[in-house]
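Step one of this worksheet: look at the structure below.
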Amino acid sequence: MSAVSQPQAAHAPLEKPASTAILCNTCGNVCKGEVLRVQNKHFHIRCFVCKACGCDLAEGGFFVRQGEHICTRDYQRLYGTRCFSCDCFIEGEVVSALGKTYHPDCFVCAVCRLPFPPGDRVTFNGKDCMCQKCSPPTLVGNSAHVAQGLRSCGGCGLEIKNGQALVALDKHWHLGCFKCKTCGKLLNAEYISKDGLPYCEADYHTKFGIRCDGCEKYITGRVLEAGEKHYHPSCALCVRCGQMFSEGEEMYLQGSSIWHPACRQAARTEDKSKETRTSSESIVSVPASSTSGSPSRVIYAKLGDEILDYRDLAALPKNKAIYNIDRPDMISYSPYISHSAVGDRQSYGEGDQDDRSYKQCRTSSPSSAGSVSLGHYTPTSRSPQHYSRPGSESGRSTPSLSVHSDSRPPSSTYQQAPRHFHVPDTGVKDNIYRKPPIYKQHAARRLDVEDSSFDQDSRKKTTWLLLKGDADTRTNSPDLDSQSLSLSSGADQEPLQRMPGDSLYSRFPYSKPDTLPGPRKDGLDLRNANLAPCGADPDASWGTREYKIYPYDSLIVTNRIRVKLPKDVDRTRLERHLSPEEFQEVFGMSIEEFDRLALWKRNDLKKKALLF
């Protein structure tokens, strides 16, 4: 017993010299007159009281616990041990049996009501304790085997002779034999049985336990089952309203998300209106820009084998399939450079990837500042409906470009580069409402003038070859030499105008790409002007767009709290703003491995990471 019972505190006169003051251990003041001394400590009579009730301890017994003085009644109430038989507090000797405490006089045989003699064997039948005289005698025949079985240990199989026995799983056990079947740990508290064998809680869960699909911890007690998934009742929360599911209530399961049926229907309605608005707004163009040399962008949609331009898309009725696309890919644009005189106006289509498509199609070398990439085009049997002429009011044209290896001098006039691509009507009229259009990124390729042969197989490709470059002020600057656009090999470049024998066409299946050879007269090496491919998947790698890196905490979104994200983040691809190290830590994989997953799997991982 940690507390020490003390006799009545004795009055002690002050026998020390007057020069040495005696201080009260409770109030700290000088003791004068009669004082109490307890374990070499002195107290005023009025200061020596119970810590719990404040009663005077000078006239009665007390207990000391952790330096505090407590009266007998309060100590037993707060820290005392009760007898399992009489339910009174135990003072003095105590008997412990089967995890219970008794007064020595209260631990008696359940039959004869006599205390157990010292050293006598005690028989516990699962309910009462009996002495050796009152225990059932050993019977003959079948009864003898039953009695023998009750006294045999369920673990080692030996007879339980002297000492205590433990009854569990309808068997008697030696105290040291009741162990976990897997790890061998003694089970003196809780245990879980399986097929008549005892297991500790940890091993039982490891072998037979059910994990919660929400918190991934083992489930003990009540379990909520939804399909093949199991949850703690407190872990099964609706992702929309955050409320628990009551017993017997219907549940809508989608991936790892759980919905109330009403909440799921409301979310579907919101998503449908949001997607319809996004699809309809994605084909709207802004007014034309008056900036000279700005990159023009053309909207295309591929429907089967037919290519639709912006005019065809704009002519679609609002109730047709173009407005019912289920989250289409982002409409991408194929920019090219239009050289125009000062004062000319250029219109461009603006989409969701303006900045990204423009950065992708810029060259990675400074040597491309004044270069124009030209390409071979396979002639077709049709002529375009529109082409560019100086002073044209419409400003709409189709490119008619060719590379000539002859040495004809450059013309004194400079024709404007085309500003828009338009696809003429084809002979076959497909039904444009038969299925939703598929938006494609048009690839821009480097062109090589040195190779003039056409590959017959490459004519079947559907990738468009577009004129691109940087819109400088070459048409307006007087410092530019008239031969600045000529080739270094001596073959001057033909002016950008329609030549006799050239064909204009609206579809451009390209052959083998060519590049401009050799360094030019102005000292720029065109062979080093590596053009970034514009036909790559805009979300396939980190390199297609420079995403600003933010910490993971600033990108997390939740359903209950409206989080204000940074302004310049892509809300549909928040994971792209993570650093590679933090991306690995959050998703457990690299960005390349993440991109190879299916779309539903990526969305599922983003939901778990609160980035969706």
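Cβ coordinates come from backbone N, Cα and C, glycine included.
As annotated by Swiss-Prot, Zn(2+) 2 binding site applies to Cys109, Cys112, Cys131, Cys134, with the evidence given as similarity to another entry. Cβ contacts within 10 Å of Cys131 (Zn(2+) 2 binding site), excluding its own Cβ and spanning all protein chains shown: 19.
Here Swiss-Prot flags Cys212, Cys215, His232, Cys235 as Zn(2+) 3 binding site, drawing on similarity to another entry. In sequence order, His232, Cys235 constitute the residues six or more apart from Cys215 (Zn(2+) 3 binding site) in its chain with CB-CB distances below 8 Å.
Swiss-Prot lists 81-141 with the feature domain 'LIM zinc-binding 2', giving sequence analysis as the kind of evidence.
Swiss-Prot lists Thr473 with the feature phosphothreonine.
Per Swiss-Prot, the feature region 'Disordered' maps to 269-295 (among others).
Look at Swiss-Prot and you will find 341-433 (among others) tagged as region 'Disordered'.
Per Swiss-Prot, region 'Disordered' is recorded for 471-520 (among others).
With the fewest other Cβ atoms inside 10 Å of its Cβ, the least crowded of the binding-site residues Cys109, Cys235 in this structure is Cys235. Of the listed binding-site residues, namely Cys112, Cys134, Cys212, the sparsest Cβ surroundings within 10 Å are found at Cys112. Counting only the Cα atoms, the space from Cys134 (Zn(2+) 2 binding site) to Cys212 (Zn(2+) 3 binding site) is about 51 angstrom. For Cys212 (Zn(2+) 3 binding site) paired with Cys112 (Zn(2+) 2 binding site), the C-alpha to C-alpha distance reads 53 Å.
According to its DSSP assignment, Cys112 (Zn(2+) 2 binding site) is coil.
Excluding Cys109, Cys112, Cys131, Cys134 themselves, the residues of that chain whose CB lies within 8 A of the CB mean position for the Zn(2+) 2 site are, in sequence, Val108, Ala110, Val111, Arg113, Leu114, Phe116, Met130, Gln132, Lys133, Ser135.
Under the three-state DSSP scheme, Cys215 (Zn(2+) 3 binding site) falls in the coil class.
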